[in-house]
Amino acid sequence: MTSSRKVRPTKHIFVTGGVVSSLGKGLTAASLGQLLIARGLSVTMQKLDPYLNVDPGTMNPFEHGEVFVTEDGAETDLDLGHYERFLDRNLGLNANVTTGKVYSTVIAKERRGEYLGKTVQVIPHITDEIKARILSMGEPDAHGNAPDVVISEVGGTVGDIESQPFLEAARQVRHEIGRENCFFIHCSLVPYLATSGELKTKPTQHSVAELRGIGILPDALVLRCDREVPQGLKDKIAMMCDVDYEGVVSCPDSSSIYNIPDVLYREHLDTFIIRRLGLPFRDVDWSTWHDLLERVNNPRHELTVGIVGKYIDLPDAYLSVVEAVRAAGYANWTRTNIKWITSDDCETPSGAMKALSGLDAIVVPGGFGIRGIEGKIGAITFAREHKIPLLGLCLGLQCTVIEAARQAGLEQASSTEFDPAATQPVIATMEEQKAAVSGEADLGGTMRLGAYPATLEEGSLVAELYGTTEVSERHRHRYEVNNAYRAQIAEGSDLVFSGTSPDGHLVEFVEYPKEVHPYLVATQAHPEYKSRPTHAHPLFYGLVKTALELRVHP
């Protein structure tokens with residue numbers, strides 16, 4: 001059956017950045033996507049990353065931040081999390097393109113002889129591969145529907161050597177599909193000098209000059225600053241950078257990232273783009289988003305949620321966890337203040353008491369390696385004994401099981417990840433992961449990745465939270481609960497194994513009954529990846545809701 005939608009060319013919007021990194025290109029792109037969706041357009045997004053890694057899966061969290069996992073099991077840049085949350089749609093493997101992926105594909109083609117003996121070069125072979133991946137995002141889906149708009153964020157900063165092939169590919173895309181079907185947005189810093197009390201435009205002028213030097217004239221500029229950029233300076237930048245006055249947009253720092261679409265709307269960026277690209281549109285329907293902003297900016301309650309992690313020196317390592325906690329807060333009209341707690345501080349009862357006292361709820365997120373594990377277990381013990389609501393994620397479930405096993409008399413309970421010679425390995429390496437763990441197979445892209453189904457026990461707390469006994473969550477792990485110890489742990493502690501894989505083999509959820517603890521739930525999955533600011537994830541929602549109830553009825 002063919003689609004009834006009118007056939008029109010997909011429009012491509014490229015978002016670049018200049019002057020400095022971490023300007024918020026991803027948030028700008030995601031906010032624009034949300035704004036265009038509110039205009040009735042279908043939008044998809046893509047991140048072009050210039051690093052040589054095939055994906056960020058093997059990168060240090062301190063170096064890269066969070067690895068965001070998609071439904072189809074791709075390990076991707078954290079910006080894809082922003083895209084999914086703002087667009088409220090799932091993205092896949094093709095939404096993250098890295099230099100490593102591109103070169104791997106091109107070299108594999110060369111080895112197969114697909115270039116017919118030609119000298120393989122950055123131009124045209126690398127740029128052609130990048131172009132193909134960009135244009136593929138605009139192809140029709142299984143139902144014959146193509147997106148109206150593809151927004152591609154080019155990682156890095158204009159002027160970086162690594163970014164040049166991607167920028168050249170974007171330039172060629174504009175040439176091939178027509179200027180009327182392509183739009184370039186450049187994000188730039190407008191610094192404020194306190195000594196002179198002035199905003200400086202020169203960095204932006206030089207950044208645009210650098211971009212023009214490689215053949216790209218931006219259609220719009222998003223000016224990042226710690227304050228509003230006055231109209232006079234915007235007009236000056238428009239003149240000096242040869243950009244339409246309407247295309248120069250001020251985007252000052254905001255108290256919440258979810259205010260950014262409204263900022264861009266008030267600057268009329270969407271109107272300018274729609275007119276330039278000849279897109280159909282309707283009046284903005286922001287009923288859902290404005291309800292979110294009301295909850296973000298006018299909360300009725302306030303809670304403090306502790307995140308007990310190993311990588312807290314770089315909060316971006318837990319970006320989706322933080323946003324999932326905040327989304328649960330919004331759903332409960334609550335401002336959730338995040339307190340970062342290094343797991344090492346919770347190794348002793350006195351350390352846990354000092355670090356965790358006064359918290360309304362605790363999240364124990366994922367991680368790898370032995371450092372800080374006893375602290376995570378100590379935090380779980382403290383939460384269990386003091387009836388503090390706690391949610392464990394991935395490694396958080398494994399630590400919850402180890403803590404329960406020690407209650408059940410398995411005093412040496414541990415994981416083969418931390419101690420390959422453990423005498424009571426209540427957490428063990430998954431059979432299909434043993435080659436990777438032993439070094440006989442690649443580490444990259446070989447974990448249990450992506451969405452997997454689970455069956456929940458009828459009448460369990462997790463089944464009540466989800467409202468069903470059949471669920472699907474995203475995963476990223478190599479280790480699992482050792483089934484040889486399940487019965488002993490269940491008999492010797494109050495822990496309930498409340499959800500498993502459909503075949504009953506893999507433990508996916510554990511919990512304590514409500515009469516034992518108000519809310520101590522853990523999952524082998526990463527539910528934070530499926531949370532949306534407008535649709536809080538059930539497990540995070542339950543955590544915040546229980547914490548609020550305990551505030552009222554301790």
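Glycine residues also receive a Cβ, built from the backbone N, Cα and C atoms like all the rest.
Features as listed in Swiss-Prot:
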- HIS526: active site (ACT_SITE)
- GLU528: active site (ACT_SITE)
- SER22, LEU23, GLY24, LYS25, GLY26, LEU27, ASP79: ATP binding site (BINDING)
- ASP79, GLU153: Mg(2+) binding site (BINDING)
- 304-553: domain 'Glutamine amidotransferase type-1' (DOMAIN)
I'm checking region-level scores; what's the whole-number mean pLDDT for the domain 'Glutamine amidotransferase type-1' (304-553)?
90
DSSP three-state assignment for GLU153 (Mg(2+) binding site):
strand
DSSP state at GLY24 (ATP binding site), helix/strand/coil:
coil
When DSSP states are folded down to helix, strand and coil, where does HIS526 (active site) land?
coil
Out of GLY24, GLY26, which of the binding-site residues is least crowded by other Cβ atoms within 10 Å?
GLY24
Residues with Cβ closer than 8 Å to the Cβ of ASP79 (ATP binding site), same chain and 6+ apart in sequence?
GLY26, ALA29, ALA30, LYS47, PHE68, GLU153
For the C-alpha pair, I'd like the distance in angstrom between GLY24 (ATP binding site) and GLU528 (active site), rounded off.
21
Around LEU23 (ATP binding site), how many other CB atoms lie within 10 A of its CB?
19
In the same chain, outside SER22, LEU23, GLY24, LYS25, GLY26, LEU27, ASP79, whose C-beta lies within 8 angstroms of the Cβ mean position for the ATP site?
GLY17, THR28, ALA29, HIS82, GLU153, CYS187
What's the CA to CA span in angstrom from LEU23 (ATP binding site) over to HIS526 (active site)?
27
Of the binding-site residues SER22, LYS25, LEU27, which sits closest to HIS526 (active site) by Cα distance?
LEU27
Nonlocal residues around GLU528 (active site), in sequence order (Cβ under 8 Å, 6 or more apart):
SER320, VAL321, GLU323, ALA324, PRO365, LEU393, HIS537, PHE540
Which of LYS25, HIS526, the listed recorded positions, has fewest other Cβ atoms within 10 Å:
HIS526
Of all the binding-site residues given, SER22, LEU27, GLU153, which residue's CB has the most CB neighbours within 10 A?
GLU153
Residues SER22, LEU23, GLY24, LYS25, GLY26, LEU27, ASP79 [recorded ATP binders]: greatest CA to CA distance in Å:
13
